[in-house]
Amino acid sequence: MDLSATLNSLVSKGVSGQAPTRDEALAVLRSDDDDLLDVVAAAYRLRRRYFGRRVKLNFLVNLKSGLCPEDCSYCSQRLGSNTGILKYTWLKPEEAAATAGAGISGGARRVCLVASGRGPTDRDVDRVADTIGAIKTAHPDVEVCACLGLLSDGQAAQLRAAGADAYNHNLNTAGEKYADICTTHTYNDRVDTVQEARHAGLSPCSGIIAGMGESDEDLVDVAFALRELAPDSIPVNFLMPFEGTPLGAEWNLNPRQCLRILAMVRFVNPTAEVRLSGGREIHLGSMQPLALSVVNSIFLGDYLTSEGQEGHQDLKMIAEAGFTVEGLNTDAEAALAMGAGLERVALRQRGAGTDLPPNA
């Protein structure tokens, strides 16, 4: 089957609810650069069908940073990391709520509360419950997602009772590869936590990290594992190779392949909220706006230990690509018109007619 027929088949199956084949998913990942826009256009047909032109903004709040006992090889907060990240213990509920409020003011519809560590103690869950309460009191309509690691019995239910709407725990990579990136817990531990969250009434959120040296087959494996797990939202991260981590020298991606990965995830999980997540700025670069034709969600602002694109630049990007921000009273185009990130014309003061070198 040629690629055009494969893409038509993927769209048809995405509409009818039929699962694609592994060969079809692999064909997307292995397609040529000449076919990239065809791949994106086909993925957009599913994105538009299920999500229109809306973009959901999510905002991360790192409640506790660094000093994690787990050895996840991609993570700047891992055991033994000498990356110069911020390290601090639990934020007070009012501090976390104030930080969340800034993201909500910037357009975020969901706040993601994250804490480093293997998993929370019951006292930690109490702390997070207080933080959820503080956020919900100030912003009753905002969604709150918790991401605290592996959960013990009853903790998911406690978070749900406190007002949490969702729980994130990423699969990250294929089950057969998981031991290559982490030895202190297992792939099945992660699956169990996502299922525990679902059983407690929390919306499950689980995604991947691409660029860790995995094969195309590994990427397809984890995409189909997510289809089976059926999370409501799927964050797609691209490895940020932090110096001081075992994967600090891994630069395996380019913008075109990132778009193909996003499209493959969309084809395999057509009705899920696919979120463009960590690493988008450094790996997609100027092709970020094109990714909005595949994904329907992004993180606004900074990540847990690294800086992201400026929030007003995110709004500008969404507006210029012709999309709207979900949940706002006005769309991103109107926000741009009101001056969000609007730049004045810069008068040339270099090159010909000056003593300064030209911009070349």
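Each residue's number is its place along the chain shown, starting with 1.
Cβ atoms are placed via backbone N, Cα and C, with glycine included.
Under the heading domain 'Radical SAM core', Swiss-Prot lists 53-280, citing sequence analysis as support. Among the features that Swiss-Prot reports, [4Fe-4S] cluster binding site is placed at Cys68, Cys72, Cys75, with the record citing sequence analysis. Per Swiss-Prot, [2Fe-2S] cluster binding site is recorded for Cys112, Cys145, Cys205, Arg275, and the stated evidence type is sequence analysis.
Put simply, Cys75 is the one of the binding-site residues Cys68, Cys72, Cys75 whose Cα lies nearest to the Cα of Arg275 ([2Fe-2S] cluster binding site). Of all the binding-site residues listed (Cys72, Cys75), Cys72 has the fewest other CB atoms within 10 A of its CB. Here the binding-site residues are Cys68, Cys112, Cys205, and the one whose Cβ sees the fewest other Cβ atoms within 10 Å is Cys68.
Surrounding the centroid of the Cβ atoms of Cys68, Cys72, Cys75, where the record places [4Fe-4S] cluster, the chain contributes additional residues within 8 Å, namely Glu70, Asp71, Tyr74, Ser76, Gln77, Arg78, Leu79, Ser81, Ser116, Cys182. Per-residue confidence over the domain 'Radical SAM core' (53-280) averages out at a pLDDT of 96. Summary of the [2Fe-2S] cluster site environment: with the site residues Cys112, Cys145, Cys205, Arg275 set aside, the chain residues having Cβ atoms within 8 Å of the Cβ mean position are Asn58, Arg110, Cys147, Ala166, Asn168, Ser233, Pro235.
For Cys72 ([4Fe-4S] cluster binding site) paired with Cys112 ([2Fe-2S] cluster binding site), the C-alpha to C-alpha distance reads 20 Å.
With a 10 A radius on its CB, Cys145 ([2Fe-2S] cluster binding site) counts 22 other CB atoms from all the protein chains. You'll find the Cα of Cys75 ([4Fe-4S] cluster binding site) roughly 18 Å from the Cα of Cys112 ([2Fe-2S] cluster binding site). Each residue contributes its Cα atom, and for Cys145 ([2Fe-2S] cluster binding site) and Cys68 ([4Fe-4S] cluster binding site) these two points are 20 Å apart.
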